[in-house]
Amino acid sequence: MSDVPEASNREEVEENTPEPEEQSDDSSDDGEASGDTEMDFLRNLFSKTLGISGEKVLDELTLEGVASYIQSGKCKNIICMVGAGISTSAGIPDFRSPDTGLYANLQKYNLPYPEAIFQIDYFKKHPEPFFALARELYPGQFKPTVCHYFIKLLKDKGLLKRCYSQNIDTLERVAGLEGEDLIEAHGTFYTSHCVSFMCRKEYDLDWMKEKIFSDDIPKCDKCSNLVKPDIVFFGENLPKRFFTSMAMDFPRCDLLIIMGTSLQVQPFAALVGRVSNSCPRLLINLEKAGGADPLLGIISIGGGMDFDSAKAYRDVAHISTCDDGCLALAELLGWKAELEEMVKREHEKINSKAEEERTNQSSGAAGKAESGKAESGKAESGKAESGEAEVE
């Protein structure tokens, strides 16, 4: 349960975007970055229209070329764009695969159409299918993948500017990314809110988890309306922070790594065109994605990826699973052993914590059972004593 479908009224128009929120690592430059965004966009537009390519910074359009660039020291602000494909090896289905994708396996919920399970109006009338699905795929039941930990390794080495994720599984957080490292474009299970605009009371992950696994439909303690995880449904806007951070981050990006996404959902997919003309873009995916729109390509605009033409100068496609691609890149960088050790260590911690929780739950259940027996024994003893007294 990773990326969420496109919302019908998501706005890409930046004129209506609020002023950028203050962020801990960008506070001194926020005004300058947001002011330069439109100028950067216009420069890119005119460059593409006139057929002017950006500076070529990769020695070769291969994974080796990307690794060499990272090792050169010129690459210091990497942005990762990720989708459902980075979580499939954790056991979480993507949405669109014909046989294994989520949309292909929703028959048991008797939906009028598959997308209805993420449609806000349908949810308000029939919340049961969504919460039944959420119980099956709830965060906390899966471990981050090699790809998640590769992104964490980029952070640890001071190279990660931000990770823009379409996923709602929270595995980026489990892997060690903090809120400031992440833009959860399609929302998250991490927090929930009452759906009433007059209330909007917030609830945390533990509260929602308790409700979902007790088969209760989550209702607001304050007003009794439905409570929904903060994931973006059809009919809802993307988080404001997506737009404000996009305006600041992408002009500064010096390497864009795109992993596990078909780049079909807007406005997320359009982010590939927000970087400068000289910024290299690496796609790690099972198939090529993000190609230029044929109609816009006629007039040389649109920001799509160009892997194969004679004019290609910065886009690299590495066709593989996300985990295999990250391991291959880590090996070229000399980080493979470090990455594999990180995965092993963190998975052991997760397993240990899960085992401890199971033990505590078993102990708690046993304690309740013993307490129940003791109370029952006292009751029986009281009845017996009462009976003896009556006989006397």
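Each residue's number is its place along the chain shown, starting with 1.
From the backbone N, Cα and C atoms, a Cβ is placed for every residue, glycine too.
Nobody curates TrEMBL annotations by hand; they come from automatic prediction.
Per TrEMBL, the feature region 'Disordered' maps to 1-36 (among others).
Marked as compositional bias 'Acidic residues' by TrEMBL: 12-36.
Sequence annotations record features per position, and here TrEMBL assigns domain 'Deacetylase sirtuin-type' to 56-336.
According to TrEMBL, the feature NAD(+) binding site maps to 84-88, 94-96, 166-169, 261-262, 285-287, Cys322.
Marked as active site, proton acceptor by TrEMBL: His186.
Cys194 (Zn(2+) binding site) has a Cβ environment of 22 other Cβ atoms inside 10 Å. For Cys194, Cys199, Cys220, Cys223, the entry in TrEMBL reads Zn(2+) binding site.
The annotation region 'Disordered' is assigned in TrEMBL to 345-392 (among others).
Away from its own ends, the compositional bias 'Basic and acidic residues' (345-359) comes close to residues 143-144, 149, 174-176 of its chain (Cβ-Cβ under 8 Å, at least six residues beyond either end). Annotation comment: TrEMBL describes 345-359 (among others) as compositional bias 'Basic and acidic residues'.
Per TrEMBL, the feature compositional bias 'Basic and acidic residues' maps to 370-386 (among others).
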Discussion item. Return only the integer: C-alpha distance in Å from Cys223 (Zn(2+) binding site) to Thr261 (NAD(+) binding site).
Written reply: 39
Worksheet, complete the sentence: Cα nearest Cys199 (Zn(2+) binding site) among recorded positions (Ser87, Asn167, His186, Thr261, Leu286) -> His186
Response to the item:
For Leu286 (NAD(+) binding site) and His186 (active site, proton acceptor), the CA-to-CA distance in whole Å is 22
